[in-house]
């Protein structure tokens with residue numbers, strides 16, 4: 001997969017993508033990440049990329065032409081079609097479902113805004129989709145782009161050392177539940193012990209415990225997800241069991 005990122009700070013994206021899963025994806029040739037700076041396509045001695053908004057008001061707006069020329073260069077660099085995605089708090093929320101859709105693409109272009117935003121005409125004519133990583137405002141789209149790169153990279157075949165790791169993540173699977181708790185060594189600690197069932201070697205019992213915990217954790221923390229999960233009879237039974245076993249004060 002190839003991801004092109006248009007940003008006034010492409011080195012920021014490169015640094016974020018140099019480590020961990022995304023860095024490994026690039027090393028293995030499973031992800032190609034390329035940064036593009038619209039300032040390099042701006043005209044004049046100052047290579048200006050922003051100006052004051054028509055109608056007045058605070059802040060500056062990114063200009064059409066540097067962005068358009070930069071996008072032209074991006075599209076000329078690879079003949080494969082690629083959706084142009086603008087990172088914006090007004091966009092479609094980034095979910096695991098959307099991440100899986102994006103991960104199937106051979107290529108995409110991410111556009112990072114700055115200042116008060118981008119000239120609306122560029123968004124209307126050049127952008128195919130706007131994506132939001134949350135209901136808050138950042139200084140620019142770079143952090144959002146880094147999130148998209150990470151979530152998409154880890155879904156590429158061969159990136160994770162254990163393919164089951166992604167399949168068991170929160171929001172994965174057809175019902176999109178939260179993940180169950182995980183434990184490692186030591187088995188006994190001052191802060192608590194590992195549940196006996198996880199040390200039993202009984203794979204069926206372990207699978208049942210994990211499913212129950214996943215259902216229960218979703219009910220406690222994201223009950224809205226259960227409304228869309230369409231739980232079957234056995235899952236409803238496990239959730240009822242979780243509720244009965246819940247200690248007073250654990251509803252957090």
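Here the Cβ of each residue, glycine as well, is placed from N, Cα and C on the backbone.
Taken from Swiss-Prot, the feature S-adenosyl-L-methionine binding site applies to 113, 133, 134, 135, 136, 137, 138, supported by similarity to another entry. Residue 134 (S-adenosyl-L-methionine binding site) is surrounded by 11 other CB atoms, counting those within 10 A of its CB over all protein chains shown.
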Site extent for S-adenosyl-L-methionine (largest Cα pair distance over 113, 133, 134, 135, 136, 137, 138, Å): 16
Fewest-neighbour residue among binding-site residues, criterion Cβ within 10 Å, set 133, 137, 138: 137
Binding-site residues compared (113, 135, 136) - highest count of Cβ atoms within 10 Å: 113
